[in-house]
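Student: Pasting a structure here, questions to come.
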Amino acid sequence: QTRRRPRGRERTQPRFHLDLWLSFTFQNWILDVGRPVVMLVLPADWLPLQHPGVADYLHFLYNVTAPLILLKMLERSPWMLPGLAVRLGIIAVSMGTTLHLVADSITRRLLLIGYQLHLPVRENPIMRNLKPSSLVDVFELLFHYDDTVGHMMWYVPFFLVLVLFFNGCFSRREQEERMPPSAWMLLAPNAAYYWYLITEGQTFILFTFTFFAMTTTVMHQRRRGLFLNSDGLFMFYSFSAALILVAIWVACLWNDSILRTTVPGLIYIPRPCTVYTLHLHQMKKGSTF
């Protein structure tokens, strides 16, 4: 169970944690979103395929910095979890990002030999020619670790920390309902990164539950006379803008018949890497995600 920190341990904090959000934004855009960008810019044979590429090294760094920034968020939150829960959460994030690193690295090498992201594993031409055919099961297990196990271990603690931090972003002073210029400058890149998490990470359900929890908290705290401070407004506006970006993204690709067949289920949110390999790959031959 979460509990509020003792008053004696509370420290005077700035109205907006610029250092925290700046680190958060740079980490996400350089070490996470920057990975596919690096693969587009650098030649495919720039480094031997049997060794880690530049994108893999960026992923290594992300696996180290992400848990540290999440810990820093917990330190600055007035709400805290039991020590065991914090340790288990950080371990889960580290394991989840590591599983994603391995699967993502192998996927990029598969793309070089003709793997198509918009097709299921068994329907890929290169998988049909594998001998023995049971090797396809191995690749399906690999993608299961990446898309299901790894993402859950990575994103569930990630969004839980954001919710805990958000729960402490309330004040009785109404003048706190203003964001400084630095917060407005970081709003667009932060919202765009959440869009990337929803589309590429396929975290729409988890993101929606998180936003619903934040909205419910705002309504409950307002009845108590509490208002969002600058950090809370920054998070709430970023989540809202991300959902708008997702809606625009889905609307633009709504009538794509090929993507429709590759994104089954009621929730239709195509991945950017799938859109790239399906529609834009011919514009830049030899480049892969």
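Sequential numbering from 1, following the chain as shown.
For all residues, glycine too, the Cβ spot is worked out from N, Cα and C.
In TrEMBL, annotation is done automatically, which means it is predicted and not curated.
According to TrEMBL:
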| type | residues | note |
| --- | --- | --- |
| TRANSMEM | 20-42 | transmembrane segment |
| TRANSMEM | 54-72 | transmembrane segment |
| TRANSMEM | 84-103 | transmembrane segment |
| TRANSMEM | 152-170 | transmembrane segment |
| TRANSMEM | 191-214 | transmembrane segment |
| TRANSMEM | 234-254 | transmembrane segment |
Student: Residue list, the transmembrane segment (191-214) vs rest of chain: Cβ under 8 Å, 6 or more residues beyond ends.
Tutor: 25, 28-29, 32-33, 147, 151, 155-156, 159, 162-163, 166, 235-243, 245-246, 249, 267, 269-273
Student: Need a quick answer: max count of Cβ pairs under 8 Å to the transmembrane segment (20-42), which of 54-72, 84-103, 152-170 is it?
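Tutor: Out of the listed stretches, 54-72 contacts the transmembrane segment (20-42) most.
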